[in-house]
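Here is what TrEMBL says about this protein:
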| type | residues | note |
| --- | --- | --- |
| DOMAIN | 23-285 | domain 'NADH:quinone oxidoreductase/Mrp antiporter transmembrane' |
| DOMAIN | 289-342 | domain 'NADH dehydrogenase subunit 2 C-terminal' |
| TRANSMEM | 57-80 | transmembrane segment |
| TRANSMEM | 92-115 | transmembrane segment |
| TRANSMEM | 152-170 | transmembrane segment |
| TRANSMEM | 177-195 | transmembrane segment |
| TRANSMEM | 201-221 | transmembrane segment |
| TRANSMEM | 233-254 | transmembrane segment |
| TRANSMEM | 274-293 | transmembrane segment |
| TRANSMEM | 325-346 | transmembrane segment |
Amino acid sequence: MNPYILVTLLLGLSLGTTLTLSSSHWLLAWMGLEMNTLAIIPLMAQNHHPRAVEATTKYFLTQATAAAMLMFASTTNAWLTGQWDIEQMTHPLPTTMIILALALKIGLAPLHSWLPEVLQGLDLTTGLILSTWQKIAPFALILQMHSTNPTMLLMLGITSTLVGGWGGLNQTQLRKMLAYSSIAHLGWMILILQFSPSLTLLTLLTYIIMTCSAFLVFKLNKATNINMLASSWAKTPALTALAPLILLSLGGLPPLTGFMPKWLILQELSKQDLAPVATLAALSALLSLYFYLRLSYAMTLTMSPNNLNGTTPWRFTSNQFSLPLSLFLVATLALLPLTPALTTILTL
């Protein structure tokens, strides 16, 4: 892609998210979300591969549906209450519709079906943008709203954690596994949203850091399925030793960064007398942990299969810029001791 066009599209992505983050009016927020969608579509379709075009079409249709639903709900709210302000959502009907529209935008279960299919059709770089940057603007809107239906948020959250765990169990494609991982993490964020918005922000931050690490590792190894991971020890032995730690951090094992949000969320849910929900969420984390362990096993404890799909590819020196991966890797593995500082900063 022409570098000038690429810079324009990335600036469009940044501007769309910034516009949504800084707006208090539903119309401006909607415009920011639309700019986001329109800026990422050329990035998704740049390979001109049938799978990429199919993924782009699916993404466009789901985002257009969510945007239309959002616009309809905000107009209905203005009609019923005379308010366009995001924080002045008092009527239950438009509030519920907007939360469902934003859930469709970010891929919360049961509105998640498009996310694994779309992510599977994209290259890892665009998939990384879709899994991290594209979640920020809709989450900012959900955080600003005061939901009149707390049960719905709990149901969305617990369904997402369970679907994210179950869905990834039988996958062999890494991008689909990361999509289900994303659904499960979003479920954890929605579970705690109404009780502790600062904790949702902390979970979103750690999720972005860990997902960036995972995508960059797979990109460096040029791996898209489990078989290709088995040959990574010959390409990057040091990184192959660290990759299971990234995956276990995504699974939420101590003493890695991923344990911090899960620990704090379970504690907060217990304080709110929601011990059954906390138990169900903790059990669903075990499902996710299983497929992270599967990936770790494939990377470190298996030899590359001797068939055409699993043969070690010809290796040139990688020209990938490794500084972002190094920074994300350190943050993925070592932020747990900073938990008190991070929680204090986010509650200010």
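Placed from the backbone N, Cα and C atoms, the Cβ positions cover glycine too.
The stretch in 57-80, 92-115, 201-221, 233-254, 274-293 that contributes the largest number of Cβ pairs under 8 Å to the transmembrane segment (152-170) is 274-293. Taking Cβ pairs closer than 8 Å, the transmembrane segment (57-80) reaches residues 26-27, 30, 33-34, 37, 40-41, 44, 89, 91, 93-95, 97-98, 100-102, 104-105, 114, 117-118, 121, 130 in its own chain, all 6 or more past its ends.
Across the candidate stretches 177-195, 201-221, 325-346, the maximum count of CB pairs under 8 A to the transmembrane segment (274-293) is reached by 177-195. Over the domain 'NADH dehydrogenase subunit 2 C-terminal' (289-342) the predicted model carries a mean pLDDT of 79.
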